[in-house]
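In what follows, a single structure is set out as structure tokens and then discussed.
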Amino acid sequence: MDELLKDFEVLPKNSSEAALRRWRKLVTIVRNPRRRFRMIANLEKRSEAEQQKLKIKEKIRVALIVQKAALQFIDAAGPPDYKLTDEVREAKFGIEPDELAAIVHGHDKKRLKLHGGVEGIAEKVTVSLDEGVRSESLSTRQKIYGFNQYTEKPPRNFWMFVWDALQDLTLIILMICAVTSIGVGLATEGWPKGVYDGAGILLSIILVVLVTAISDYRQSLQFRDLDREKKKISVQVTRDGRRQQVSIYDLVVGDVVHLGIGDQVPADGLFVSGYSLQIDESSLSGETDPVDIYEQHPFLLSGTKVRDGSAKMLVSAVGMRTEWGKLMETLNEGGEDETPLQVKLNGVATIIGKIGLTFAVLTFLVLTVRFLIEKALKNDFTNWSSTDALTLLDYFAIAVTIIVVAVPEGLPLAVTLSLAFAMKQLMDERALVRHLSACETMGSASCICTDKTGTLTTNHMVVNKIWICEKIKSIGGSENKNLDELEISESVFSILLRAIFLNSSAEVVKGENGKNSILGTPTETALLEFGLLLSSDHDAYRRQSKILKVEPFNSDRKKMSVLVALPDGRTQAFCKGAPEILLRMCEKVVDCNGELVHLSEERAESITEAINGFASDALRTLCLAVKDADETFNENNIPDSGYTLIAVFGIKDPVRPGVKEAVQTCLAAGITVRMVTGDNINTAKAIAKECGILTADGNAIEGPEFSSKSLDEIRDIIPNIQVMARSKPSDKLNFVTHLRNMYGEVVAVTGDGTNDAPALRQSDIGLAMGIAGTEVAKENADVIVMDDNFATIVNVAKWGRAVYINIQKFVQFQLTVNVVALMINFVSACISGSAPLTAVQLLWVNMIMDTLGALALATEPPNDALMKRQPVRRGASFITKLMWRNIIGQSIYQLIVLGVLNFDGKQLLGLTGSDATIVLNTVIFNSFVFCQVFNEINSREIEKINVFRGMFSSWIFIGVMVATVAFQVVIVEFLGTFASTVPLSWQHWLLCILIGSVSLIVGVVLKCIPVESADVKQKHHDGYDALPSGPELA
């Protein structure tokens, strides 16, 4: 089977278009392309959408270049005359929506100046740049300037799914057969007897179509919920005089938005204030060079990304009045790439479909030839009646129905059903799966490279210790501190407060209840909280000083610097960041007497010892430094040397409850957990030991050291690396790439920063943090961990494994039904000239096998045993030897029992009289259905004997079982006229149930038969297999 499926393979991420097109060409037998390929990417539509996007981007790029050039030659003439509409005037606004949108879109500095600049625009949209929009004006603004929403396709309703289900070619042929049967039956047998056979087929088709449509519609609702969740983006705005968080869709023209590194610009707008703001406009214009935004060039376009810096922005246009809005219309055209399992099962369905089509044709030919021979032997060949026509029509209907059963359309669709169910459950468990394939791939993850802060720890930081004036002080409790407690002079105390209050990206804001709260990163919040314990004069410090320039923290710089003009006329630079960076920048230090002294080697060693002590206590370390700028300083550059070290902070970030257990679960499941952090190596090692990540034989290494090693050295050390500290995003990317390429690991990577995007893209599964993560990180991730908790990542892995094993269970179950249904009808047709299972009965079997079987087996929740087995390796056979053992064994049992009943049943059951044949066929049909019911229970476990464990906690499985049995009773006892059955005695019912239940015993026997597993290669000394190279590869 693996050889036959070699062309049905695609990568989980970034698969080539050639691979996507190759398998499509090979899928030749499809009953219902409209339904089968509904969740498959439409490459033609995607190509058209891509062309459309390129045209829009080129138009924007050219427009920007032309406008920038043209502005140099425009004279000082006023703007084009336009009049305010009555609607705008009555709303007390002073500018039209299109005029306002055109200013930013056109980068029109002249027109902006004529409107009074940013302040003039703010006045015309009646907003204070300090207070923001008033809540009572929101509805008016939305009415005049529009909503921040984009045009989307209307969702598909239930009847569209019914129409899709009716596109099945075999069902259409059966409907024609049924109508023909009714026509001929009425002509020969009259009403109502003449319509029974045809009406039975029509009723069965209606039932199949409705059940299929309901299942598909429910899936679409689940995906709709997921899409809605994916689009939830929150932004920080100033409204009603206070800073608050609102949905991107609730933004209105006039809102003052706060932007930081990694944010997506949520609407078109104008720069109000900020520092070092750089914008990546490549998503709109295709240009990769960042654009500097400042007072003289204040235009911000929706959909662009903040690469560096921070700012406040005045919203000028929203929704479809932005270029991003027009571009968004094309973004989802063509759909998402199909998953590897979807493709593989399309291959399985194609192969089985070809076999089924062959058997269907052979069955029809055998039945027809036998019928013709019998007519010829009776010298009745020239005498044809309508009854003969009905017989041939019945044979044709049986052949078509065999194709219905034999072409397993449900196989690839079961993957979608299982993934939709898993993704919905994961959303409830705080994980948002952005790409279908991620849920599937996560089940094969063999390595998780996780951040420390916020993922393994609580991300609630507090200052625990401080080194200042050559003394270490422990900081306990939340009561106010003073300089006596810290044992420092007033001058040092003042410098410390300025370093904390002025060099901070956190803000103190007043909430609705009047209480102050701090908005900012956890590290910034911890420092500012400590500063507020020392002094409540935060606002006074900020008001009295003027911030001249800011260099925000990022993962490359590992520091934040500000240049400040003080009230006394002096200029000072403040810097805080990683100790190893700041110590190199410092020439002096504040000694125990509060004096500035030279930072000698001895003092540097003493400080390093204190830093290592903090780190060994699992504290995050941070240095604060100051420098007086002399008269030669340049306002555009913050000094990077000659600083005086003020203090070293030890910040406590406790390990999350349950993380150690989650790590142990991963290790038991064959998943290696590696910590990749920007923190000090001693801090990282201490936390890693506490979490159970760093073991006695594991290594910890710093990112720069790892990246500087040769490939041979990396090959030797990489399996034992459990902690990578002081890593930059480039180090993380290198680490992930080598794990995948050298050792074939399936790697999941967590990330929260803008610079983590390359590693998230390169990994097999990118996991972005929902709370701490930037919009850039989330956009490049496959899964968003909404609570930033490592235990949630383990949950994703568990559900990924559940999806894989559930699809295997369903495939095992469906292939068994395929084999038995095909063989029993074909063999019976060859030997006796009749098929024991009619078209109506086969349609019912098809529904049990396809829709109901998928619903029962593909939606089973995960159990703990899943995390006690090794991950599925890359390229492993999907249909395993264990599955073939179960399929073949169960098929042989069912074929023997049904074959004996078919050919010797009348004698064995003592059936006589005119209804003996129909009673026997009913018993065969009933036994066959109960064999499938019990085999469905059998399929819950591929290896283990106990198939009942957890069954009663899966309400969907129980519901499907009860519904199947109940409807089978109705078909046999009450719908015999349509289904060609007769009511059975209790003895026959007992026999049918007994025959079905023996499948359970057969299953136990089969699982005791040992099956040779794939060859296990000799393990590397550390438990990893290196990928073959050199002679081994040859």
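Going from the start of the chain as shown, residues are counted 1 onward.
Quick reminder: no glycine exception, Cβ is built from N, Cα and C everywhere.
Summarising the annotation, TrEMBL assigns domain 'Cation-transporting P-type ATPase N-terminal' to 114-186. Residues annotated as transmembrane segment in TrEMBL: 169-188, 194-214, 351-373, 393-422, 815-835, 916-934, 955-976, 988-1009.
Outside the transmembrane segment (393-422) by six or more residues, the chain places 29-32, 35-36, 39, 168, 170-171, 173-174, 177-178, 180-181, 184, 197, 201, 215, 219, 222-223, 339, 341-343, 345-346, 348-349, 352-353, 355-357, 359-361, 363-364, 367-368, 371, 433, 436, 439-440, 799-800, 802-803, 806-807, 810-811, 814-815, 817-818, 821-822, 825, 835, 837-839, 842-843, 845-846, 849-851, 853-855, 857-859 with a CB less than 8 A from a CB of the stretch. Only residues 6 or more beyond the boundaries of the transmembrane segment (955-976), in the same chain, are considered here, and those with a CB under 8 A from a CB of the stretch are 200, 844, 848, 852-853, 855-857, 859-860, 922, 925-926, 929-930, 933, 936-937, 940, 982-984. Of the two recorded stretches, the transmembrane segment (351-373) does not lie close to the transmembrane segment (169-188), with fewer than three CB pairs under 8 Å once pairs fewer than 6 apart in sequence are set aside. In this model, the domain 'Cation-transporting P-type ATPase N-terminal' (114-186) carries an average pLDDT of 86.
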